[in-house]
Amino acid sequence: MWPNITAAPFLLTGFPGLEAAHHWISIPFFAVYVCILLGNGMLLYLIKHDHSLHEPMYYFLTMLAGTDLMVTLTTMPTVMGILWVNHREISSVGCFLQAYFIHSLSVVESGSLLAMAYDCFIAIRNPLRYASILTNTRVIALGVGVFLRGFVSILPVILRLFSFSYCKSHVITRAFCLHQEIMRLACADITFNRLYPVILISLTIFLDCLIILFSYILILNTVIGIASGEERAKALNTCISHISCVLIFYVTVMGLTFIYRFGKNVPEVVHIIMSYIYFLFPPLMNPVIYSIKTKQIQYGIIRLLSKHRFSS
């Protein structure tokens, strides 16, 4: 089906020039890996088993935590394989699939944050109709739409990777596969693969960011009009966790995009560090932010710990 696909594996790299320190570098990476798994896993478990959290806001948070887990489980096994045992080889199919999931899940994460912004918008701008607007059916439809958009939109460029031949090199300057890294190694016309991602990012991630920004302008306008200071603070507190997660995700996305597109003279180590920050920082911080800033999550954790304490 894919006559031009190479049988040779790709070679991943960790931190070029720091190979001797890979075992030491693996310590903080493994610690972050475990924290991401525990933090997001705890959120998923808590929301599933605590019926007081069975609300649209927490369903969307489940989408975010699930996406963060999938991103981490997609990228970190190859990272740790290199740092621990210097396992650099990855099959071409495995590499393409890893790139597919990484990029798809980035679009899904942006869509999840957009859905959460919609939840905040309805909760503050139209609280009396909140339950009638965000029904379970609509929440499911939004969730399915977010995942379909992410996993379908990235398919065209990934499918083209299967038909390219790779005669330049098989070395990828990351510990995981990214579309832009694979694309550069192809001995073929990659014009479509250069242009499509720019259009896709503009119509998904950047457009999502603009819609979220506009929604918060309207939310702020509503909050300013609330007479009671206590009610104003309560309204703002409803969305403060989401605002923090939005800032972390989109600042890292824009930083990585800016460096990739315009940072030709930026040292390669900066590109590498930014890619790790992009894939690790949001999944690490999102559960921390929601655990600290959201009282319902805090109460849920306390109830969960108390339940296990008394049961033991």
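Placed from the backbone N, Cα and C atoms, the Cβ positions cover glycine too.
Taking the topological domains listed in Swiss-Prot, Ala21 lies across the membrane from Ala131.
Neighbour counts of Cβ atoms within 10 Å were compared for the disulfide-bonded residues Cys95, Cys187, and the top value is held by Cys95.
Counting C-beta pairs under 8 angstroms (sequence separation of 6 or more), the transmembrane segment (195-215) reaches the transmembrane segment (98-118) with 3 or more such pairs.
Within the same chain, residues 58-59, 61-62, 65, 296-297, 299-301, 303-304 sit at least 6 positions outside the topological domain 'Cytoplasmic' (45-52) and bring their C-beta atoms closer than 8 Å to a C-beta of that stretch.
Most Cβ pairs under 8 Å to the transmembrane segment (53-73), among the stretches 24-44, 98-118, 138-158, 236-256, 272-292, belong to 98-118. Note on the topological domain 'Extracellular' (74-97): DSSP counts are 18 helix, 2 strand, 4 coil.
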